Amino acid sequence: MRRIKLWQLNVLLALVLISVAVLGLCTGVKWESLTLLWRAPASLDGRIMWTIRIPRILSVVMVGALLSVSGLLMQSLSRNPIADPSILGVNAGAMLALIIGSLLGMSLSIVTTIWLSLVGAAVAFTAVLLIAMTRQGLDVLRFILGGTVFSSFISCLAYAGSLLTNTTMQFRNLLVGGFSAVTYAHVRVLCGGLIIVLATILLMRKQLSLLVLDDTTARSLGAKPGLTRVVAALLVVISAGISVAVAGNIGFVGLGIPQMINYVHPDRLERNVVPTVLLGAIFMMVVDIVAKTLTAPSELPLSALSAICGGIFLLLVIMKGARVTER
């Protein structure tokens with residue numbers, strides 16, 4: 001089978017993303033024509049398009065991009081194809097920090113929410129790394145298993161803590177994930193985070209691509225493995241922390257998307273970043289469209305839909321690994 005070229009893959013994904021974004025803009029409680037944006041922007045339906053649907057579409061695209069690229073970085077960092085911020089407790093850590101902040105009486109403005117999420121994600125990721133570290137370095141099995149157990153533990157704490165707050169419904173929405181309350185302020189935060197993450201990856205693309213190699217080989221090629229791991233970890237924290245602060249606990253996006261891209265276009269991290277970002281945005285858009293239209297006017301929880309997709313993908317990965325082992 002002839003492998004698809006990178007530019008062809010990028011163009012195809014970009015066209016699909018534009019098409020899905022237009023569909024997402026038109027769908028909701030009821031179908032709206034795209035022409036309302038310029039023909040009747042002052043009407044009620046026009047204002048809904050400009051003030052609710054456009055910021056929602058932009059937020060969905062950027063959250064999908066951030067979560068998918070965080071998965072790509074984490075899989076390179078751990079050298080494990082099933083590493084994902086949601087599985088390893090990063091998302092749950094961000095959620096727990098938000099709930100603790102609320103219990104302490106902090107006003108959860110956008111800025112406070114972002115900082116609490118980043119701190120929580122950083123603490124959780126650091127804890128998982130400490131669990132997985134041995135004298136020989138990072139133990140991949142302990143990283144995955146320890147991270148999974150730690151994630152379950154702090155997820156339970158986060159849920160229990162949400163019941164003690166005065167904003168239970170707000171935290172319920174964060175726990176199940178969704179974009180129903182996003183504004184242009186959230187769009188600006190997501191845009192800033194995405195620019196920081198992608199710009200850093202661009203500047204350090206060579207070093208980040210060498211994370212999959214052992215330290216001795218990476219050093220011989222001019223990389224600094226220790227510094228690169230720290231940068232990669234910070235990028236994962238920024239991506240996951242901001243995404244949780246805006247959209248809640250949406251998991252498994254970072255698990256499947258990088259592996260799908262690697263399947264159709266196996267290549268280095270630096271060359272697969274763009275298609276990973278595009279496919280992550282497409283996936284998040286499709287899930288959001290299903291969530292807001294299937295049971296309209298109510299919405300399905302995004303975390304459940306993404307978990308179903310992620311669970312199916314994880315099962316396929318395990319089955320594929322079992323077949324390889326048998327051979």
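Just so it is clear, glycine is given a Cβ too, placed from its N, Cα and C backbone atoms.
Feature annotations, courtesy of TrEMBL:
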- 52-74: transmembrane segment (TRANSMEM)
- 86-108: transmembrane segment (TRANSMEM)
- 114-133: transmembrane segment (TRANSMEM)
- 140-161: transmembrane segment (TRANSMEM)
- 181-203: transmembrane segment (TRANSMEM)
- 230-253: transmembrane segment (TRANSMEM)
- 273-290: transmembrane segment (TRANSMEM)
- 302-322: transmembrane segment (TRANSMEM)
Does the transmembrane segment (140-161) come near the transmembrane segment (273-290), with 3+ Cβ pairs under 8 Å (pairs 6 or more apart)?
no
With pairs 6 or more apart in sequence, are the transmembrane segment (273-290) and the transmembrane segment (86-108) linked by at least 3 Cβ pairs under 8 Å?
no
Contact set of the transmembrane segment (52-74) with the rest of its chain, CB cutoff 8 A exclusive, min separation 6+ beyond the ends, reads 17, 21, 24-25, 28, 32, 83-85, 88, 90, 179-180, 182-184, 186-187, 190-191, 193-194, 197-198, 201, 208, 232, 235-236, 239-240, 242-243, 246-247, 250, 253-255, 257-258, 269, 272-273, 276-285, 288
